[in-house]
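A.B. asks: There's a structure below that I have some questions on.
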Amino acid sequence: MDDEQRQQDDWASSRKNRLPSFTEVLSRRTRPPVDLFMFYLFLQREGAEDILDFWLDVQQHENLCRAYFKDVRKSGRTIKEDWPQYWDYARRRGSIYGTVVGMNPETKRSTASTNELLSEQDRRNLADVDEKFGGASVSPGTRVASTSPDPYSGARSTSPFGVSGLGRTPTLFTMKRASRAPTIIPRSSAITRLNLIASAERIFYRYLSPAANTVNSTENHEIYLPPSLRIHSFPLTSTQEPKTAAELNLMAQIPDIFHAQKEYCFRAMEQDAFPRFLRSKAFGNLTPISALVRLIAGLLILWIGLAAGFSLIFLDVQPKSKRFFLFIPFSLAVLFLVSHQYELDPIMVFFGQSETTPFRTLRIREPYVQKLLLGRAIWVTVLVTIFVVALTLLFWAVPGHRL
């Protein structure tokens, strides 16, 4: 635990003058309020956590495949001897497991729909997630659906797995559902190829299969992908070992089947949701609901303060110094209104707190974010002070006139 804490401190010290990258957040190298947990909550508020669940599940699937390949090599056999169909597929088409299976580490996938979205350094960073998601085994009993759709049912399919090249591209972040974190099942036995099929099958039925093809629709959380990356059918089943040559050749694609979709989701989150997440958490510490509550409370208290101020003026209440007590409602009102505008509560920042969900907080531990929020909190405090002093002096200076 001490070594892990020391490593976290080293990573944090390397970010003293910058915000974290998306890869660092996914690999759990950041601290609140810009860690993976807070990013998940941010997507959950937008109803878009499915895409992160999908990325994490595919990462788990790929780590499961890596663990299988490593177990084979530790047993003294080569991948070529153990799984000749996959070896031939990887040699011809390329694979992300080139280093693990003993191929040229420079080998890359040549599929037309695959883009190199991550650098080699990013891939090494993401490999560290093995400690969190690795060592997982998915048993055949964890299938979402008990039957597989007809492998030849999609007329638009361009591959045995039904990857389509036609159709419209809907908006990416539009799915609404209750939260479901990725399923992680402890590994208790040697990984088999049926486990790999079961893992891929679960991902397909949960995220990629249309709801109509799912026996239990509550387990379907379909994400939207561009037409060239959609998969319409899953011809294999985890209930029996593939036997025919066609099935064995299809099984050879299982380790890499979702990699292109995973990279697309990575790019979509990195370019769309992640910048908004950083703006929300690195420059503010309030949730939208909490900010809205402050707006309503600020307007109500401001109305009370103005009503009291005009009453003191038009009733010509003496002594005039009593008007200085107006700074109390003015301070609260202006503080709430400015906090809503900046989505930042300076008092919470001074106590080192940031909201996770409405009115629930955690401690700010990311050094650079802490510095940014402290600077903005000081600016908000100065702004509030200026407005409160101006309003208080204005109502004090107006001469009384009894109506």
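Just so it is clear, glycine is given a Cβ too, placed from its N, Cα and C backbone atoms.
For reference, TrEMBL lists these features for the protein:
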type	residues	note
COMPBIAS	144-161	compositional bias 'Polar residues'
DOMAIN	25-83	domain 'RGS'
DOMAIN	255-287	domain 'RGS'
REGION	136-161	region 'Disordered'
TRANSMEM	295-317	transmembrane segment
TRANSMEM	324-342	transmembrane segment
TRANSMEM	377-398	transmembrane segment
A.B. asks: If we skip the immediate neighbours and take only residues 6+ beyond the ends of the transmembrane segment (295-317), which ones have a Cβ under 8 Å from one of its Cβ atoms?
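C.D. replies: For the transmembrane segment (295-317), the nonlocal Cβ contacts are 323, 326, 329-330, 332-337, 339-340, 391, 395, 398, 400-403.
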A.B. asks: Across the domain 'RGS' (255-287), what is the average pLDDT of the model, as a whole number?
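C.D. replies: A mean pLDDT of 95 is what the predicted model shows over the domain 'RGS' (255-287).
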A.B. asks: Which numbers of helix, strand and coil residues does DSSP report for the domain 'RGS' (255-287)?
C.D. replies: 26 helix, 0 strand, 7 coil
